[in-house]
Structure formats: structure tokens, C-alpha cells
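Going by TrEMBL, these are the annotated features:
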- 7-116: domain 'Epoxide hydrolase N-terminal' (DOMAIN)
- ASP181: active site, nucleophile (ACT_SITE)
- TYR315: active site, proton donor (ACT_SITE)
- HIS371: active site, proton acceptor (ACT_SITE)
Amino acid sequence: MASSDERPYSISIPDSELDFLKKKLELTRFPDELEGAAWNYGAPLSDIKRLVGHWQDGYDWRKSEAALNTLPMFTRDIEVEGFGTLNIHYVHQKSDVAGAIPLLFAHGWPGSFLEVRKLLPLLSAGGPDHPSFHVVAPSLPGFGFSEAPSKPGFKGPQYAEVLNKLMLALGYEEYVYQGGDWGYALGKYVVTNYGHRHVKAWHTNMPLPGAPSLFKNPLLYLGMFFLSYDETSMKRLANMKRHRTKGTGYFNEQATKPQTIGYSLADSPVGLLSWIYEKLVSWTDEYPWTDDEVIEWISVYWLSRAGPAASTRIYHELTGGMTHDTDQGTVWTSVPLGVSYFPKEIFQLPKSWSHTLGNLVFESDHDKGGHFAAFEQPEAIAGDLRKMFGKGGPAHGVVPGKGGY
């Protein structure tokens, strides 16, 4: 049953915060750059100078703020065992279709609730040919306009507790789940802890399976030694190796010493911009970022409730400071799973391994798109969810009485 402490939310950043940001940008001291460095050493100086100039003289936060405030946003207190109460910000887009499917959308880093924006009109739309969804997209604790935990140990089970309790508080006793990046990792905790009883099916655009094992996946395991991988699998493994070799410095820093990098991110808007902008470009599939889109994305971090350093701690908490995998304590479940593959996703492993993640009932390949699939290719993500949960789909009717029509 829905509780009564939901409060409508509008973003309203004080003028003093924007004045402070303006002063910070004016005082920027840029680093030098090697001749012809381009992207080989990180975000190019010319790009950052252009974006800083736009942030100062072209970008209008109040315009972005007004547009974001047209979204159905709310906050609600969620009690987390051992951590007290956290005030959680979320978007809750209800469909006009009575039988719409409740869907929880979880973002990652350096994402935010902005990633669901383009999906909302697609998923909530009704029609005889496709299912409709009630979409709930929270800012994870420590991200966006949600409160952050104030003591160590806020790990996967605690994030999952927040997500599940939010859905229950909204009256969605049974629901489906979609996530990429940390949204994928947290999905494993949600399904492990609340699968079948509350979570009826889940979908991810960033499957990150472990290698098959002899006892759990004997056919897949033996296949690694006695069967040749096809060209696609070999390419995916090569892409994964390249990313782990050249693209995970941020991960190691945030997973081991998030407080250290946090000083730079919290004190320097240009440091924050360059830290995230590099990912926006290199993790997408030639997405045509506008300067307004980039600065809005960064502004949500700079102006976030807990500050831009808070979000990095999820890396430390979910890896134990790089002492274990991000999914420690999660298990394979028979909850139906759907997977979408995008060619420029940074984490790529053989598709056959996805069976090790859960009860794989749906797969879809796309020829365009990267890590931020919901933002880059919203029609593709929405289309896959419609196929998976629509009439004739492998997960149609998993939420009793909420078939989507």
C-alpha cells in the first residue's frame, strides 16, 4: 500500500550557488597540453576550453531547471536498515493505461535520472500494438537530488533495499526492472534479494557475466576449450581487454581512494567536467553531443544535493576497495532476464556467457549505440522492452493483472 509521505519536487538551485559556480569558472587555470595529443592523453584542451566558455556565457541553467521541472518528480523518505532514513529523489511517470507495467529504471555513474528522460514518453504511451509502463527512475543515494549515506558500508544490499522499498511505497508490490552500468550491478542485488516475490523480470543493456564454470555451466565451460569462438565473440573479448587496459583508471581510483579524487571533483567544476566529459565521448557511439547537453549533464553533478564526490563512493562500497567483484553475494535466479547488446558498450563479453547471469529469455542485437543506451538510442531500449513484455513476448504477463494494455 502506498505511503503518504511522497512530496512533489522541483529543482530550485539558490542564486548564491550559481554565483559561486560563475566565480569558480572565472578562476580556472587550465593545464598545458602536448602537441598533437588529441584524445590520446585524455580530454583535449580545446574541447574543455570551449565547454567552459559555453558554461560561462552560453548555457542557461535556469532554462534547464525549468525544463527538468516539467518532469513528474518527487521525494520520499526511505528507511534503510542500519543507516537511518534517506530522502530519495525520483521521477514517477504514470501511464494513462490502467494495466500498465510498473518498471524501475536504475542509472549508474556518471549517469543520473537524466538518462530516463527520452524513454518516458515512449514507455508510458499506450496503444493496441505495444505495452505501456509506469516508470519510476530514482536518483541513487549520493547522486542527483537524493540524500547520501553518511557512514561506510552502504553496499549492494542497501542500494537494493532503497530501490525495492521505493517501489513498495508507491504501491507497486510487483514490478520489472531495467538498468545499465551500476543499474545492472544493483539489478543483481535486487533480483537476488527480492526476485519472484517483488521483481518479476529484469532487463539490462550492460550484461557483465563471469566466465562459465565447470559445475554451474558445464557445456559453456567445455566450449571454451574445445570449440572455437566465432568472430563476434573474439571481437567482444578484444574490446573488453582494450577497455580494461586503457579505460579503467577512473574505476581503480574511485574504488580505492574516492575521497582523494573527491577533493578535485568537489572544488573544481572544470575538473569535474573533464573527468566526466571524457566518458561521455569515449563511451558513446559517436553520439552528437551538444554543448548544452554536456553542461546540463555536468551541472546535475555539480549542483547535486550531496556534492559531486559522493557518487564516486559506490565504487569503493561495491568492490570492498577493489578486494572483490561488484556482485559479491548475488546468485543466479530463475527470474526472467532480457539483454540488449550495443556495439560500443564498454563492457563486452561473449554473448553465450549471458546465460550465466540468470534465466535468459530475451536477447536483442543493435547496430548503433553505446554505454548510455537509454540516452543515445531510446527507441531501441523502448522497443526491446516492448518486445520482451508485450503480447507474444517471453515475459508478457509476469506482473499479475498488469499486462501493459
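A Cβ is built for glycine as well, from the same backbone N, Cα and C atoms used for every other residue.
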Measure from the Cβ of the residue listed as 'active site, proton acceptor' and count the other Cβ atoms within 10 Å, all protein chains considered. 24
So, by DSSP, how many helix, strand and coil residues make up the domain 'Epoxide hydrolase N-terminal' (7-116)? 37 helix, 26 strand, 47 coil
Could you tell me the mean pLDDT over the domain 'Epoxide hydrolase N-terminal' (7-116), as a whole number? 98
